[in-house]
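Enquirer: Pulled these from Swiss-Prot:
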DOMAIN    27-278  domain 'Protein kinase'
BINDING   Leu33, Gly34, Lys35, Gly36, Asn37, Phe38, Ala39, Val40, Val41, Lys56  ATP binding site
ACT_SITE  Asp149  active site, proton acceptor
MOD_RES   Thr182  phosphothreonine
DOMAIN    303-343  domain 'UBA'
MOD_RES   Thr322  phosphothreonine
REGION    350-375  region 'Disordered'
COMPBIAS  363-373  compositional bias 'Polar residues'
REGION    449-472  region 'Disordered'
REGION    586-612  region 'RK-rich region'
REGION    621-641  region 'Disordered'
COMPBIAS  628-641  compositional bias 'Polar residues'
Amino acid sequence: MVIMSEFSAVPSGTGQGQQKPLRVGFYDVERTLGKGNFAVVKLARHRVTKTQVAIKIIDKTRLDSSNLEKIYREVQLMKLLNHPNIIKLYQVMETKDMLYIVTEFAKNGEMFDYLTSNGHLSENEARQKFWQILSAVEYCHNHHIVHRDLKTENLLLDSNMDIKLADFGFGNFYKPGEPLSTWCGSPPYAAPEVFEGKEYEGPQLDVWSLGVVLYVLVCGSLPFDGPNLPTLRQRVLEGRFRIPFFMSQDCETLIRRMLVVDPAKRITIAQIRQHRWMQADPTLLQQDDPAFDMQGYTSNLGDYNEQVLGIMQALGIDRQRTIESLQNSSYNHFAAIYYLLLERLKEHRSAQPSSRPTPAPTRQPQLRSSDLSSLEVPQEILPCDPFRPSLLCPQPQALAQSVLQAEIDCDLHSSLQPLLFPLDTNCSGVFRHRSISPSSLLDTAISEEARQGPSLEEEQEVQEPLPGSTGRRHTLAEVSTHFSPLNPPCIIVSSSATASPSEGTSSDSCLPFSASEGPAGLGSGLATPGLLGTSSPVRLASPFLGSQSATPVLQTQAGLGTAVLPPVSFQEGRRASDTSLTQGLKAFRQQLRKNARTKGFLGLNKIKGLARQVCQSSVRTPRGGMSTFHTPAPSSGLQGCTTSNREGRSLLEEVLHQQRLLQLQHHSSTAAASSGCQQGPQLSPVPYVLAPCDSLLVSGIPLLPTPLLQAGMSPVASAAHLLDTHLHISAGPVALPTGPLPQCLTRLSPGCDPAGLPQGDCEMEDLTSGQRGTFVLVQ
């Protein structure tokens, strides 16, 4: 791997102890943007235009001939693509061991990181971004180029938050009717035909990936994911995915038409443009003009921007050499300066939309510094005051010598030598009054490398397991297949052809949500959704934040110190209304349980303690010095009534049954006393208490009226009467009534064991076995 130090040491003879930035050609390297298995990406600034660029530095010594051919093919594809939503290629430099690819720098990074930080997009925002993505992909297809690796990591955002399609490492030429066979791409975005190892049509492959991208933009999560590659493969082949409740019907229809398992039934790019969801915003239709302004980009047709050429000529750069470089697609220093100045001009125009462009100045063999004020582009387009005097100097030779002298200042000895662009005699041709060399090392080595043919598609690839980490976050095949053993193996999807269980259409059924498998809004990152900085409350983070997945989408940045938003909650149904009935039933049940518990449950428990009286199982000292009652054996009537089997009855039925028995017994005893038996003192009903044990006073339980005490009495009516019973609880000691007990009370001796009262009924609230002594049995 190429490792460059950020600064090069200044020779000690200069007397300066500081370090100056590393220079590569006409670029000052500022910092590292990323590193891969065989390349490193640096952020640099052009020394003439002061424009920031991204330089991809590739170590050719670590590439075999097949992978090096892929690199050359990527360069050739980027030379053919000039679109506002595609990363622009500025310059290509090559040495014996190194390859330098200078491209446009997207200031706001990847769409992947944006979703990680802000959550999923609204459908209006997603529609705007998807129009730009669709325009770029359609432009590629019109030039017979297929991308084959469309994903949010390869969608960059410039300073205006516009989409820039990048990374054509898996791109290739295609011809209609001639299928491709290379299995490449990223697992979550790969089409079923790639997993099956079949030949495929390039545009249909990109349409599937576009459907996954649109799903990620709207939902913040992946439609297909899994803990390992076989599980992911099975889900992709089934074509089943979840639909969140907040997705509109039109958006769902569009995604389902793109994510069709059968490639022949999949929607096309032209049909996507005409879909109702895409046509919902008329303003986007006006902005999406296929005949966009390509002035200055169609250099091979002789359509050049005269203002940019005039500025370059005023700076002392040879005009004829610049035109030749543009016509030959050399992408050397001349073309780089031209394209960079053209970008600065467009940025200036977009910053001042009200200003009208003035007519281009008349061609002159040479422009003086005073003539620069007549151009439309002001001097702010060439910033940096320390360098401006040399740029506007009327002496072209002075500029040439200053730039070349600065180039010589580069430290060419030590380990940094292969990283720096070599100084050769061809560089002198950049400026006017210099001889024009017929050939140059910078552009002849990468002019005709890309060749169409089956050899590019029939590459021998070995099946390897999914690595733990790769240069790309979602990649099936890397160009580092035949690198040194220190490099991770490439990722290849199994080539075994498996028949799809559902050919033709995507399944409408929804998978059950699983926190470990499904999107749990982008663990991710997808919420990730680490993915998290400031965001509106309505945006949800990526659902797969912290989830176990074979593809860490929206997970990598989950722990960057930002607040994680809650994951998107997917319902079983397709629409939000599908869950309203279930939620209503749940709320009704909760309210019903609440109302049922608010009345009678405390009293019912106490009634159970009074009605299910028990005998003494073991004599222990009771709490509070409870007095002992000596009672005779219970009457036979009570025994006969309570010997029936009560197994299988509920607690409430037992209480009601015993309560009715007590009331019947009391009624019969009262009638006998009034007919001539021994008359006892007429006492008012006294509370039936278990006083000393719990110091609780339970007021008299009213007896049911006689008409209700019939065999056919409804248990529901008795339950309702019991639930209305009022209990008076007192914490203080209660004096027991003196005098003879009423006939309804019977004293039980400590050793008695009344028949009909099973031992299991010897349990009372707040009364242990040590507190059981003499009890009062309510008859």
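Glycine too: its Cβ is placed from the backbone N, Cα and C atoms.
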Enquirer: In whole Å, how far is Lys35 (ATP binding site) from Thr322 (phosphothreonine) when you measure between their Cα atoms?
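Expert: Distance (Cα to Cα, whole Å): 33 Å.
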Enquirer: What is the total of other Cβ atoms whose distance to the Cβ of Thr182 (phosphothreonine) is within 10 Å?
Expert: 18
Enquirer: Validating a neighbour-count step here. Other CB atoms within 10 A of the CB of Val41 (ATP binding site): how many?
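Expert: Other Cβ atoms found within 10 Å: 17.
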Enquirer: Within 10 Å of each Cβ, count the other Cβ atoms, then let me know which of the recorded positions Asn37, Thr322 comes out lowest.
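Expert: Selected from the recorded positions Asn37, Thr322 on minimum Cβ neighbours within 10 Å: Asn37.
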Enquirer: What does the structure give for the C-alpha distance between Leu33 (ATP binding site) and Thr182 (phosphothreonine)? Integer Å is fine.
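Expert: About 30 Å separate the Cα atoms of these two residues.
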Enquirer: Using all protein chains shown, find which of the binding-site residues Leu33, Ala39 scores highest when you count other CB atoms within 10 A of its CB.
Expert: Ala39
Enquirer: Widest Cα span across the ATP binders Leu33, Gly34, Lys35, Gly36, Asn37, Phe38, Ala39, Val40, Val41, Lys56, in Å?
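Expert: Those residues reach a largest Cα separation of 14 Å.
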Enquirer: What is the interatomic distance between the Cα atoms of Asn37 (ATP binding site) and Thr182 (phosphothreonine), given in whole Å?
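Expert: Roughly 21 Å, rounded to the nearest whole number.
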Enquirer: Do you know the DSSP helix, strand and coil residue counts for the domain 'UBA' (303-343)?
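Expert: Summed over the domain 'UBA' (303-343), the classes give 29 helix, 1 strand, 11 coil.
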Enquirer: For a quick check of packing: other C-beta atoms within 10 Å of the C-beta of Asp149 (active site, proton acceptor), how many?
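Expert: Around Asp149 (active site, proton acceptor), other Cβ atoms within 10 Å: 26.
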Enquirer: Which whole-number value in Å describes the distance between the Cα atoms of Ala39 (ATP binding site) and Asp149 (active site, proton acceptor)?
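Expert: So the Cα of Asp149 (active site, proton acceptor) lies 19 Å away from that of Ala39 (ATP binding site).
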